[in-house]
Amino acid sequence: MTGFLRRLWSANNVTLTFLSMILAVIIGAVLIIISDADVLAKFGYFTARPSDALNASWLLVATAYGDLLKGALGDPAVFSAWFAGTATWQQALTPLSETLTYAAPLVFTGLSVALAFRGGLFNIGAQGQAVLGCLAAGVAGFTFGLPIVLNLIVALVAGVVGGALWGFIPGFLKARTGAHEVITTIMLNYTAGLFLSWLVIQKGVQAPGRTDAISKSVAESAMLPSPGGVLRVHLGIILAVLVTVGVAWLLNRSAFGFELRAVGSNPHAAKTAGISVSKTYVLLMAIAGGLAGLGGAVQVLGTAHALTPAVAGNIGFDGLLVALLGRNRPWSTFFAALLFGALRAGGNRMQSFSGISLELVTVLQALIVIFIAAPALVKAIFRLRAARAAGLGASLAKG
Amino acid sequence: MSTATVENLPEVVAPEPFWTRQRRLGLALILIGGLAAVLFGSLAPGEDARFTLSEDSEGAALSIDGQFGAILFGLLAAAAGGVLFAGLAKRWSNALLSAGILAFVLSFLCWQVAGEFMPLVDTTDGTLQLALPLILGALAGVLGERSGVVNVAIEGQFLMGAFGGALIGTMAGSVWAGLISAAIGGVIIAAILAVLSIRYLVDQTVVGMVLNLFALGITGFLYERLMQPDAQTYNQPPQMPEWRIPGLADIPVIGPVLFEANLLVWIALALVVLIHFGLSRTRWGLRTRAVGEHPTAADTVGIRVRGLRYLNVLLGGVVAGIGGAYFTLVATGSFTKNMTAGAGFIALAALIFGRFTPVGAFGAALFFGFAQKLATYLGAIESPVPSQFLNMLPYLATLIAVAGLVGRVRAPAADGLPYVKG
């Protein structure tokens with residue numbers, strides 16, 4: 001029993017991830033409290049009546065995080081209303097649907113970054129590749145007018161090709177000239193964004209009769225099927241599961257996966273063993289780009305349905321965090337994307353119900369990943385392996 | 001016996017490949033110069049392009065026929081390329097390259113400005129102002145990267161600087177308190193970057209990118225919680241005053257730009273000189289470069305590698321934070337969410353394009369600032385050239401530079417590698 005506890009309280013991945021989230025949530029709570037004037041006023045007379053300030057802080061934080069959970073997973077009140085017959089099942093499942101809707105594109109961009117990482121490349125360019133994916137899928141979606149299933153497939157493939165092209169460039173430059181992929185992909189991100197904002201206001205792309213920057217809507221036959229109504233979830237999440245299976249196979253079972261892992265752990269050794277490092281880099285970046293492009297395509301065909309300069313949102317950069325949180329393993333990345341989707345969906349409810357800015361979610365996400373990336377820091381904060389309850393209490397006060 | 005045979009060997013010279021860097025650059029210049037002469041020349045109307053020496057259309061002006069100018073400067077660019085290609089004046093190849101690019105830009109301007117006017121004071125002033133945060137951000141990068149710490153968090157430092165400057169500047173009612181808080185804002189991000197990458201050995205690029213998102217989130221969060229509900233108390237910082245140096249400010253074009261300016265302009269220019277000489281002439285500079293190129297060797301002779309890296313990254317935080325102050329205390333009167341909009345990455349581009357040197361970064365920042373200014377100018381005269389493409393210029397130029405098409409950019413050898421003693 002004590003052996004089990006000691007192992008639980010050691011620096012394994014599950015414990016570290018869990019503790020990172022706790023730390024992030026605590027810092028988030030502090031931010032919520034110090035940015036609320038009413039509660040801060042109560043802290044003004046803290047020494048006289050500490051219970052006032054503490055109760056108000058607790059209420060504020062509990063309501064905010066409660067709304068976050070309800071918005072991500074479901075509201076118990078709505079569930080009981082559904083069982084009583086006063087609410088529909090669609091209403092009860094709306095939060096879950098939102099979570100999956102936000103998670104779907106992140107799975108693709110997260111896998112893109114994770115796969116590249118395993119080959120030793122840091123694909124910051126997932127954002128630009130997703131933008132190109134959006135662009136290609138959107139244009140294909142309103143241009144061709146093909147019959148029902150075919151149109152969707154063509155638009156998805158266009159998104160993959162667009163992203164793959166944008167991933168191929170840094171891979172090619174890295175293989176041919178040694179240009180560092182971090183720098184080239186950062187530059188390509190902004191180039192892609194500017195190109196998209198130029199494209200959407202061109203004649204033939206811009207929606208007729210509109211003066212703002214928005215393109216024509218994609219044809220209905222090119223949209224990812226969805227139950228409709230309040231449920232926005234679409235086929236993209238099923239696609240995400242399938243692609244995760246594919247990437248897991250590619251990485252762990254295929255010959256190319258072996259090669260890219262070999263290159264990732266030691267390019268010199270891989271070269272000596274007869275693996276073409278430059279070919280691996282080019283192919284890997286093209287595949288990673290294709291994955292991010294597919295994420296962009298899912299965003300346009302599943303949720304946005306039209307191109308705007310900000311259509312890709314932040315899905316590429318969020319994918320970066322997702323991959324880091326998932327420690328670059330396909331299924332872990334998939335679940336990390338679900339967590340991020342849940343945070344985002346819950347953040348929306350938190351914003352509209354508790355009035356806490358959605359940006360708090362970005363802070364939480366970044367903090368979780370900072371702690372995950374620095375396990376030594378978390379170990380030091382919680383004195384892991386020291387296994388003394390007093391030590392935990394003392395360091396929690398610091399966090 | 002054997003030494004005799006060695007001495008008798010004729011000196012072997014490796015044959016130079018035909019396609020040297022000069023030849024490739026020369027060919028590229030000939031092509032774009034020729035293209036400029038033909039394309040811009042045929043498109044330009046035969047009207048005067050006026051470059052006025054004031055802020056408006058009045059007063060003395062440099063004037064040239066648009067069509068003639070476009071063709072002339074296009075041919076000059078091609079001629080500079082020709083000299084490069086022929087392999088003449090090898091010592092001057094960089095100057096020739098710059099002259100060629102300048103001639104190409106002038107040819108483009110003659111086409112665009114023909115029938116219109118371009119106020120030179122306004123253009124120069126706008127270029128310098130837009131370049132200000134880029135100069136400071138790139139200098140912050142120089143400080144970190146020359147000592148071996150990659151800093152992709154310049155964007156985050158800008159945001160924190162801009163936010164801190166606006167918040168404390170408003171609350172204290174003083175622009176100087178704002179400036180100091182901006183520096184502190186930059187240092188906060190720099191400190192996290194330093195501790196995580198130097199002490200906890202986390203991948204520096206990863207930390208940098210995550211810190212950018214962190215800064216975006218935390219400034220956005222506090223903006224919506226504090227500044228948006230009550231802008232009066234939290235988001236109306238006083239603006240940095242413009243000081244005029246009598247006499248010097250009367251020099252045409254340069255005078256009003258350099259000597260009737262806010263303090264930030266002088267800080268930026270002074271820092272360029274200071275860091276340039278600091279890096280090349282002082283003990284600190286030599287140690288910084290040693291730590292960035294070969295930390296083990298530096299450690300062996302007794303330099304504290306980690307301590308110096310901490311110092312430089314934190315100094316970089318100060319500089320980048322001041323660069324962030326530009327956004328709220330100079331350019332606009334308030335903070336808005338994600339207001340830096342990628343300027344930190346253009347600063348990173350300027351750093352790399354400027355080959356990790358202070359003076360090079362300064363030049364690159366000015367060039368990128370000019371591209372941005374030109375984009376707004378062309379928008380104002382309703383030019384058919386889309387502003388988005390001009391705004392792409394910094395990124396594309398950097399892409400070309402790192403790909404080695406215009407001479408390979410070499411980063412400090414130990415850039416991005418954490419140092420573990422032992």
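Every residue gets a Cβ built from N, Cα and C, even glycine.
What TrEMBL says about a protein is an automatic prediction, not a curated fact.
Non-local neighbours of the transmembrane segment (A:12-34) in the same chain are 40, 57, 60-61, 64-65, 325, 327, 356, 360, 363-364, 367-368, 371-372, 375, 378-379, 381-382, 384, 396, 399; each lies 6+ residues outside the stretch with a CB under 8 Å from one of its CB atoms. According to TrEMBL, the transmembrane segment annotation covers A:12-34 (among others).
What TrEMBL records for A:99-117 (among others) is transmembrane segment.
What TrEMBL records for A:129-146 (among others) is transmembrane segment.
Summarising the annotation, TrEMBL assigns transmembrane segment to A:152-173 (among others). Long-range neighbours of the transmembrane segment (A:152-173) within the same chain, counting only residues 6 or more positions beyond its ends whose Cβ lies under 8 Å from a Cβ of the stretch, are 112, 121, 123, 125, 128-141, 144, 146, 179, 181, 184-185, 188, 192, 218, 221-224, 281-298, 300-301.
Taken from TrEMBL, the feature transmembrane segment applies to A:182-201 (among others).
Long-range contacts of the transmembrane segment (A:233-251) within its own chain (CB-CB distance under 8 A, at least 6 residues past either end) are made by residues 96-98, 100-101, 103-105, 107-108, 111, 114-115, 118, 223-227, 257, 260-261, 287, 291, 294, 298, 301-303, 330-331, 333-334, 337. Look at TrEMBL and you will find A:233-251 (among others) tagged as transmembrane segment.
Residues or ranges marked as transmembrane segment by TrEMBL: A:281-300 (among others).
Annotated transmembrane segment per TrEMBL: A:353-378 (among others), in sequence order. Tertiary neighbourhood of the transmembrane segment (A:353-378): same-chain residues 11, 16-17, 19-21, 23-25, 27-28, 31-32, 60, 63-64, 67, 71, 318, 321, 324-325, 327, 340, 343-344, 346-347, 384, selected by CB-CB distance under 8 Å and a gap of 6+ residues from either end.
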